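Peer 1: Quick one: structure below, then a few questions.
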Amino acid sequence: MKTLAFLVLCSLAAICLTSDASTGSQPASDNPADEGMFVERDQASAVVRQKRAAGQLSLTQLESLREVCELNLACEHMMDTEGIIAAYTAYYGPIPY
């Protein structure tokens, strides 16, 4: 049993040594670390999603904002003069949807 364990350890050591030697022989041009931190625009756009402009709110969403804003008299007054979106944004922050 000890002989089997010794042979397994020796074979693992041999595999590790040969795999380290094969990875060290790559040319410098294939190393991604040498490319730097800048990438082309088309490659970067595949990784980072662009923010989209907010779409049009539906009547149900606007009614929901109106119901929240009606509970505050100042918000309700601003809603009548400036509009529901401006009033909600001023008193409650960005629209959640």
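Using the three backbone atoms N, Cα and C, a Cβ is placed for every residue, glycine included.
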Peer 1: Where Swiss-Prot marks 4-carboxyglutamate, which residue is it, choosing among Glu35, Glu40, Glu67?
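Peer 2: Of Glu35, Glu40, Glu67, Swiss-Prot lists Glu67 as: 4-carboxyglutamate.
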Peer 1: Where Swiss-Prot marks 4-carboxyglutamate, which residue is it, choosing among Glu70, Glu76?
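Peer 2: Looking at Swiss-Prot, the 4-carboxyglutamate feature maps to Glu70.
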Peer 1: Fewest neighbouring Cβ atoms within 10 Å: which of the binding-site residues Glu67, Glu76?
Peer 2: Glu67
Peer 1: DSSP says what for the domain 'Gla' (53-93): how many helix, strand, coil residues?
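Peer 2: Tallied per class, the domain 'Gla' (53-93) gives 31 helix, 0 strand, 10 coil.
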